[in-house]
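Undergrad: Have a look at this one before I ask anything.
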Amino acid sequence: MQALPNIFLIGPMGTGKSTIGRLLAAELRRPFHDSDHEIEHRCGCGIPWIFDVEGESGFRVREAEVIDRLTSLEEIVLATGGGAVTSSTSRQYLRERGVVVYLSTTLEQQLRRTARDRNRPLLQGTDRRERLRQLMAEREPLYLSTADLVVSTDRRSPRAVVREIKRRVRRLQNPLEQDA
Ligand SMILES: Nc1ncnc2c1ncn2[C@@H]1O[C@H](COP(=O)(O)OP(=O)(O)OP(=O)(O)O)[C@@H](O)[C@H]1O
Ligand SMILES: O=C(O)C1=C[C@@H](O)[C@@H](O)[C@H](O)C1
Ligand SMILES: [Mg+2]
């Protein structure tokens, strides 16, 4: 069977990119990377600190550098941050260097899954529902135009989502292959 290419997960906050990415990488026995964690690791500080001190634009510069570096690796699973697709260069690298999977979910699930979070500055001190809706309106065209596959994570366990990603990436690689 052909080796699977890089798999890059994109999608909005709370859709499960980090959770599903880690599980998918473990099942495929591949290195897992998370651009948000890599940004924090390189900086030695948290995402809220970067937003406070450098603003969102400073964070985006760091994020684009990290996406370039991580997408240059091979045979990895990468979970990106929710806003990674706002950079046209990052979109290009994601598309050229692997299979891009857009993990989608409903606004209600996003609200539930980000409810207790303090690490997502764009959702602090604001009407989260309205903010998530607005971000989605701006970014959904970017998710859709960057993705090779769209996979829903709504009302499904992370394991079920991982199974579907594996099956559909294999099918994309070899359209004639039968499902097991
Ligand atoms: N399929 C799922 N079903 C139920 N809960 C889930 C599912 N996937 C993720 N979660 C939960 O939702 C929360 C957010 O998930 P996660 O951090 O993986 O999202 P993310 O897409 O990486 O968000 P961000 O863009 O902010 O990094 C976590 O508490 C996680 O346990
Ligand atoms: O949607 C966004 O813009 C963000 C999502 C998170 O993953 C982090 O990258 C950060 O909080 C910004
Ligand atoms: Mg994440």
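Just so you know, glycine gets a Cβ as well, placed from its N, Cα and C.
Any TrEMBL annotation is an automated prediction that lacks curation.
Source: prediction; values computed, not measured.
According to TrEMBL, the protein has these features:
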BINDING   Gly14, Thr15, Gly16, Lys17, Ser18, Thr19, Arg120, Arg156  ATP binding site
BINDING   Ser18  Mg(2+) binding site
BINDING   Asp36, Arg60, Gly82, Arg139  substrate binding site
Undergrad: For the binding-site residues Lys17, Arg60, which Cβ has the most other Cβ atoms within 10 Å, all shown protein chains included?
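TA: It comes out as Lys17.
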Undergrad: Based on Cα coordinates, which of the following binding-site residues are within 10 Å of Asp36 (substrate binding site): Thr15, Gly16, Ser18?
TA: Ser18
Undergrad: Measure from the Cα of Gly14 (ATP binding site) to the Cα of every one of the binding-site residues Arg60, Gly82, Arg139, then give the nearest.
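TA: With Cα distances computed to Gly14 (ATP binding site), the winner among Arg60, Gly82, Arg139 is Gly82.
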Undergrad: Cβ under 6 Å from ligand 3: which of the binding-site residues Thr15, Lys17, Ser18, Asp36, Arg156 qualify?
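TA: Once distances to ligand 3 are taken from each Cβ, Lys17, Ser18, Asp36 fall under 6 Å.
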Undergrad: Measure from each Cβ of the binding-site residues Asp36, Gly82, Arg120, Arg139, Arg156 to the atoms of ligand 2 and list the residues where some distance is under 6 Å.
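TA: Near the molecule: Asp36, Gly82, Arg120.
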Undergrad: Say you check the Cα of Gly16 (ATP binding site) against those of the binding-site residues Arg60, Gly82, Arg139; which is nearest?
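TA: Closest candidate to Gly16 (ATP binding site), judged by Cα separation, is Gly82.
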Undergrad: Cα-Cα, whole number of Å: Arg156 (ATP binding site) versus Gly82 (substrate binding site)?
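TA: Pair distance, Cα basis, whole Å: 20 Å.
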Undergrad: What is the biggest Cα to Cα gap, in Å, among Gly14, Thr15, Gly16, Lys17, Ser18, Thr19, Arg120, Arg156, the residues listed as binding ATP?
TA: 23
Undergrad: For a quick check of packing: other C-beta atoms within 10 Å of the C-beta of Ser18 (ATP binding site), how many?
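TA: The answer is 18.
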Undergrad: Going by C-alpha distance, which of the binding-site residues Arg60, Gly82, Arg139 is nearest to Thr15 (ATP binding site)?
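TA: Its closest listed neighbour, by Cα, is Gly82.
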Undergrad: Taking every protein chain in this structure into account, which of the binding-site residues Thr15, Thr19 has the most other Cβ atoms within 10 Å of its Cβ?
TA: Thr15
Undergrad: I need the nearest neighbour of Thr19 (ATP binding site) among the binding-site residues Arg60, Gly82, Arg139, using C-alpha distances.
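TA: Comparing Cα positions, the closest of these binding-site residues turns out to be Gly82.
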